[in-house]
Amino acid sequence: MSAKKLFIQTLGCAMNVRDSEHMIAELTQKENYALTEDIKEADLILINTCSVREKPVHKLFSEVGGFEKVKKEGAKIGVCGCTASHLGNEIFKRAPYVDFVLGARNISKITQAIKTPKFMGVDIDYDESEFAFADFRNSIYKSYINISIGCDKHCTYCIVPHTRGDEISIPFNIIYKEAQKAIEKGAKEIFLLGQNVNNYGKRFRNEHKKMDFSDLLEELSTIEGLERIRFTSPHPLHMDDKFLEVFANNPKVCKSMHMPLQSGSSEILKAMKRGYTKEWYLNRALKLRELCPNVSISTDIIVAFPGESEKDFEETVDVLEKVRFEQIFSFKYSKRPLTKAATMPNQIDEEIASRRLSTLQNRHSEILDKIVKKQENKTFKVLFEELRAGNSIAGRTDNNFLVQVEGSEELLGQFKEVKITNAKRMVLYGEIV
């Protein structure tokens, strides 16, 4: 019997990418589906959604409306992920042609969902921490691995605890076996995922080997054949000295750290319920620079959070100047349902929010230009992962710079030393030495 065709579109974060991989694995290995990039030939169309900001939620309904217009007769449409978790039945009301809704904590029910009319699985208490997922990887050379699910922080702007539930650590033996399996299949790098990865080990569903995130990094680095370990996202509150020292000293841990700032104002951080101050953040970031001079630090920043004054915003710019981030992901505050910040007084005018975002991004561009210029004539070890146009190939350095050289498919999955000859903001161009 010929395979049915599966089309999947993934929006949002790396955790969504891994969730999509899990669903693809379940469907291709257990339900006789094969992936297709042509939506018109698909028997099953999935969209894995994000709800961190308002824009992706609006995009969901425009996308599924487009799916309905082009899908073939009899094809099913499923809405999955975080937006599915918090909108639930509203999706059926606004898009009655959707066949099932599957929240982020319920992806293991995908085979049940495709067989049940108007199936809705949005229980954020459903436990997938020990679910034995079938295996699928979008990349041969890099493997995403969940080490925890959910979040307990309840930051006042964030909807994630309402869509992914409370935080539970995945047992070490499951993580270790998944990493081993990925390496055996050709992966050179594993990418550990969680809402707060460095809070790992605080709570398991059942009794398991006790360890913290630093211990986990050390244990995983013993896997033979594993070259690199990356992770996202750590929480600044849990960046103790032990964690920073393991990060700096373990040669398999990539020297790229994502440190979500959100705001440089201690008052705004308190209103956000982030649990740390500007001083704590700077202490940790500068300690990291001291321990690991070649580290690349990225961050998330929200401007125009309710009540943010010009002085508060200037505090954020001050942190930007002091830490000199290699990369920032910056956004205007987006009001999200079910969050405390949505009903806070002193919501910021859109014009002010846009101006602050522009100011922040322009200042970072100036900083970044100086950072990338310093990379010229340096030599980096690069893992090549992606073919580019014009007989070029791209990969990443240990500290996460994107590097492009002339090269062919035979370099995919290989490490090569590259000397940088021309550094741009988004790409470092170089030559293999």
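For all residues, glycine too, the Cβ spot is worked out from N, Cα and C.
Features as listed in Swiss-Prot:
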DOMAIN    4-119  domain 'MTTase N-terminal'
BINDING   Cys13, Cys50, Cys82  [4Fe-4S] cluster 1 binding site
DOMAIN    137-370  domain 'Radical SAM core'
BINDING   Cys151, Cys155, Cys158  [4Fe-4S] cluster 2 binding site
DOMAIN    373-433  domain 'TRAM'
Could you state the CA-to-CA distance between Cys13 ([4Fe-4S] cluster 1 binding site) and Cys158 ([4Fe-4S] cluster 2 binding site) to the nearest Å?
-> 14
Which binding-site residues from the set Cys151, Cys155, Cys158 come within 10 angstroms of Cys50 ([4Fe-4S] cluster 1 binding site), judged by C-alpha positions?
-> none
In chain order, residues whose C-beta lies under 8 angstroms from the C-beta of Cys151 ([4Fe-4S] cluster 2 binding site), counting only those at least six residues away in the same chain, are Cys158, Val160, Pro161, Arg164, Asp166, Glu167, Gln195, Asn196
Overall pLDDT for the domain 'MTTase N-terminal' (4-119), taken as the rounded mean = 94
Row Cys158 ([4Fe-4S] cluster 2 binding site), column other C-beta within 10 angstroms, all chains, value 22
Cys155 ([4Fe-4S] cluster 2 binding site) and Cys82 ([4Fe-4S] cluster 1 binding site), compared by Cα position, are separated in whole Å by 16
Among the binding-site residues listed here, Cys13, Cys50, Cys82, Cys155, which has the most company in the form of other Cβ atoms within 10 Å of its Cβ?
-> Cys82
Near-site residues: [4Fe-4S] cluster 2, ref Cys151, Cys155, Cys158, CB cutoff 8 A to centroid = Lys153, His154, Tyr157, Ile159, Val160, Pro161, Gln195
Same-chain neighbours of the [4Fe-4S] cluster 1 site, Cβ within 8 Å of the mean position of the Cβ atoms of Cys13, Cys50, Cys82 and not counting those residues, run in sequence order as Leu11, Gly12, Met15, Asn16, Thr49, Ser51, Val52, Pro56, Gly81, Thr83, Ala104, Thr163
